[in-house]
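**Q** I'd like to ask some things about the structure below.
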């Protein structure tokens with residue numbers, strides 16, 4: 001198992017006031033430049049309005065991450081109830097998660113000790129790492145016998161939510177995108193393992209799907225937790 005990547009060379013000390021000011025000024029500057037307007041002195045009313053807009057963006061992302069985890073949990077429970085009753089799939093489920101090599105923090109208290117850059121990196125690492133599995137999962141689920149349309153619909157919605165959450169993190173923390181992609185490519189298992197998920201043995205196939213749903217539920221909880229921490233810091237309510 002590969003060691004967890006270190007971000008010590010990229011530390012960013014969290015300062016909510018300074019960080020918010022810089023981001024808001026950048027937003028205003030970009031908007032005015034695009035319109036060909038010289039930047040006026042920004043009054044307090046404009047600052048408050050832009051700060052509220054930024055907070056609203058994070059609140060919406062937190063709501064989306066909550067739905068992302070909730071739907072992942074519902075999908076896992078539906079699959080577990082229909083296919084895994086009386087089976088022992090859960091014994092090895094945790095060990096088989098393809099994101100295990102990243103050693104992302106499981107508990108909130110540990111996640112809260114991380115700065116914003118590291119939290120956003122781990123969020124994007126998890127979301128990117130699920131792009132490939134979700135793509136192939138949707139292809140294979142449509143071929144499963146007696147699988148409810150609700151599960152397929154949930155998987156499609158989860159993929160859509162993941163893309164929206166990725167866009168949110170990318171827009172707020174642009175400089176982390178390249179390091180995150182590099183980190184993921186160094187762990188080839190996150191990209192190559194799911195290129196073929198078709199198995200001749202039905203029990204093995206169900207076991208693999210069970211593991212996927214289990215790991216997705218676990219990782220979506222982490223994503224939800226990280227984004228909510230980022231949101232409460234932006235709102236200064238932590």
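Sequential numbering from 1, following the chain as shown.
Heads up, the Cβ atoms here are built off N, Cα and C, so glycines get one too.
The Zn(2+) binding site annotation in Swiss-Prot covers 66, 224 and rests on similarity to another entry. As annotated by Swiss-Prot, disulfide bond applies to 97-215, 232-238, with the evidence given as similarity to another entry. Among the features that Swiss-Prot reports, N-linked glycosylation site is placed at 70, 92, 146, 160, with the record citing sequence analysis. According to Swiss-Prot, the feature signal peptide maps to 1-36.
For the listed features, I'd like the structural context: burial, neighbours, distances.
**A** With a cut-off of 8 Å between CB atoms and residues at least 6 apart in sequence, the same chain places 224, 228 near residue 66 (Zn(2+) binding site), listed in sequence order.
Secondary structure from DSSP puts residue 97 (disulfide bond) in coil. All protein chains shown were included, and the count of other CB atoms within 10 Å of the CB of residue 97 (disulfide bond) stands at 17.
Shown in sequence order, 238 are the residues of the chain, 6+ apart in sequence, with a C-beta less than 8 angstroms from the C-beta of residue 232 (disulfide bond).
Taking a C-beta cut-off of under 8 Å and a sequence gap of six or more, residue 70 (N-linked glycosylation site) has no contacts in its own chain. DSSP classifies residue 70 (N-linked glycosylation site) as helix under the three-state reduction.
Annotation for residue 146 (N-linked glycosylation site): spatial neighbours 82, criterion Cβ-Cβ under 8 Å with sequence separation of six or more.
When secondary structure is read from DSSP and collapsed to three states, residue 160 (N-linked glycosylation site) falls in the helix class. Its Cβ taken as reference, residue 160 (N-linked glycosylation site) is surrounded by 12 other Cβ atoms within 10 Å in the chains shown.
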**Q** In this structure, which of the disulfide-bonded residues 215, 238 has the fewest other Cβ atoms within 10 Å of its Cβ?
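**A** Comparing Cβ neighbour counts within 10 Å for the disulfide-bonded residues 215, 238 gives 238.
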**Q** If one measures from the C-alpha of residue 97 (disulfide bond) to the C-alpha of residue 160 (N-linked glycosylation site), what distance in angstrom results, rounded to a whole number?
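**A** Rounded to a whole number, the Cα-Cα distance is 21 Å.
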